[in-house]
Amino acid sequence: MHKKVLLAILDGYGISNKQHGNAVYHAKTPALDSLIKDYPCVMLEASGEAVGLPQGQIGNSEVGHLNIGAGRIVYTGLSLINQNIKTGAFHHNQVLLEAIARAKANNAKLHLIGLFSHGGVHSHMDHLYALIKLAAPQVKMVLHLFGDGRDVAPCTMKSDLEAFMVFLKDYHNVIIGTLGGRYYGMDRDQRWDREEIAYNAILGNSKASFTDPVAYVQSAYDQKVTDEFLYPAVNGNVDKEQFALKDHDSVIFFNFRPDRARQMSHMLFQTDYYDYTPKAGRKYNLFFVTMMNYEGIKPSAVVFPPETIPNTFGEVIAHNKLKQLRIAETEKYAHVTFFFDGGVEVDLPNETKCMVPSLKVATYDLAPEMACKGITDQLLNQINQFDLTVLNFANPDMVGHTGNYAACVQGLEALDVQIQRIIDFCKANHITLFLTADHGNAEEMIDSNNNPVTKHTVNKVPFVCTDTNIDLQQDSASLANIAPTILAYLGLKQPAEMTANSLLISKK
């Protein structure tokens, strides 16, 4: 019988032996529990060197889907940039040097925009420090910094700023122009009202201002506002002409991960990706640079252009003239398409893409079920048409990021109902379910001091197959082993570029 496969990726669903604050453990999820207990299952590495990140670095959705789709370890933004800084190549990068030179030639400013974080998921503070060391001796610099509070603890910006302000004392050419939370400046669900507030601050206009960056963040903490939700504020110590974005300025967006940088990039530098124009208009003749390639954005230049990843999982399916479906809600749609396909936007032969709209709520603890039922409804209507379906459920990650433990438990329990529907449908229709995750999150929601945890983890993730005629090797394995395993299961030849091994063991 011709085999059909569903690969279900539970975003942020890690496994931990620690029970305290573990929403995965405490949620009533009989369907998921049964899959892991009763079927072939192996625990996969989803962080650090096993997925192309520095040792001990937490995994993330972008890297996770890249490795799953590539069938090999993919060295991405963080490791690549770190290595360039270490070798000194960073300081000779021609794109960075051109951004500096253009600002000097135009008697203009160089703006650095990005996430102020050591989380290493979207950006890293070390890269900001390196950029300042490179450019500050040569040109006036303005920093527009977004607080994190998701990929690190909710209130880390103050201590990070304290150290940063000491560093800046040696660089008199550098000022912090604006501060704000990623909730405003790094949305990815077209909530343009939020982006407008952050963008207007970059233009020099906000109802909030600061004279002391550290004190401004502390005042937010006093009002129970964490880094993520810091209201965009402008520097009140200087005239706005000293920090506001102007015509002919240079801009470096130092996030290396694209999904939460695209919308602000569109506000700054017109693209064809979105049908939206900022109310205040755009500045002219910007030299706009992105650290990595941002899907759908065509900047003036890219500091580290993408390296091609040939023969991805999706390409192998297409080359074999098989039909495939990619399905997720808005929040994770790019992950099962762009990232899964090696960091490129591509429409493969016999491929269908389905995006289910994410719910319009301020934070997902307000609707922890998210769009999991809508995704499942769409899935069950279409899946029989396809040989391979790749699905993402966002609940464990997106609700996990809110730090709301009770809501995360609710989200997992709502998700489990849909998982049971999928299991039943797959059994009735002879579809093999492979279930995994891209990284951990929901299994660590409360720390030992009973503080909420909002960031990803370094825990392993499950990889389950519902075909009991096979088994899975229990040796050390990672996300990169998933594609080779499913290709072997489908009887398809693994391409040479896909260097990870299949974990498949046949019992027959």
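Cβ from N, Cα, C; glycine included.
Keep in mind the model is a prediction, meaning the values are calculated, not measured.
According to Swiss-Prot:
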ACT_SITE  Ser61  active site, phosphoserine intermediate
BINDING   Asp11, Ser61, Asp438, His439  Mn(2+) 2 binding site
BINDING   His122, Arg150, Asp151, Arg182, Arg188, Arg257, Pro258, Asp259, Arg260, Lys332  substrate binding site
BINDING   Asp397, His401, His456  Mn(2+) 1 binding site
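Apart from Asp397, His401, His456, the Mn(2+) 1 site neighbourhood in this chain, defined by C-beta within 8 angstroms of the site C-beta centre, holds Asp11, Gly12, Asn60, Ser61, Arg150, Asp151, Pro396, Met398, Gly400, His439, Asn441, Ala442, Thr454, Lys455. Of all the binding-site residues in the list Asp11, His122, Asp151, Arg188, Pro258, the shortest Cα-Cα distance to Asp397 (Mn(2+) 1 binding site) is found for Asp11. Note: the Mn(2+) 2 site is recorded as Asp11, Ser61, Asp438, His439; in the same chain, Ile9, Gly12, Ala46, Gly59, Asn60, Gly64, His65, His335, Asp397, Ala437, Asn441, His456 also have Cβ atoms within 8 Å of that site's Cβ centroid. Arg188 (substrate binding site): 17 other CB atoms within 10 A of its CB, across all protein chains. Cα-Cα distance from His439 (Mn(2+) 2 binding site) to Pro258 (substrate binding site): 18 Å (rounded to the nearest whole number). In sequence order, the binding-site residues near Ser61 (active site, phosphoserine intermediate) (Cα within 10 Å of its Cα) are Asp11, Asp438, drawn from Asp11, Asp151, Arg188, Pro258, His401, Asp438. Taking the Cβ of His122 (substrate binding site) as reference, residues of its chain lying under 8 Å away and at least six apart in sequence are, in sequence order, Gly114, Leu115, Asp151, Met186, Asn255, Phe256, Arg257, Arg260, Ala261. In the three-state DSSP scheme, Asp397 (Mn(2+) 1 binding site) falls into the helix class.
Max Cα-Cα distance over the annotated substrate binders (His122, Arg150, Asp151, Arg182, Arg188, Arg257, Pro258, Asp259, Arg260, Lys332) is 17 Å. Annotation note: the residue listed as 'active site, phosphoserine intermediate' sits in a helical segment as assigned by DSSP. The Cβ of Pro258 (substrate binding site) has Glu62, Thr290, Met292, Asn293, Tyr294, Glu295, Ile297 as same-chain neighbours under 8 Å, each 6 or more residues away in sequence.
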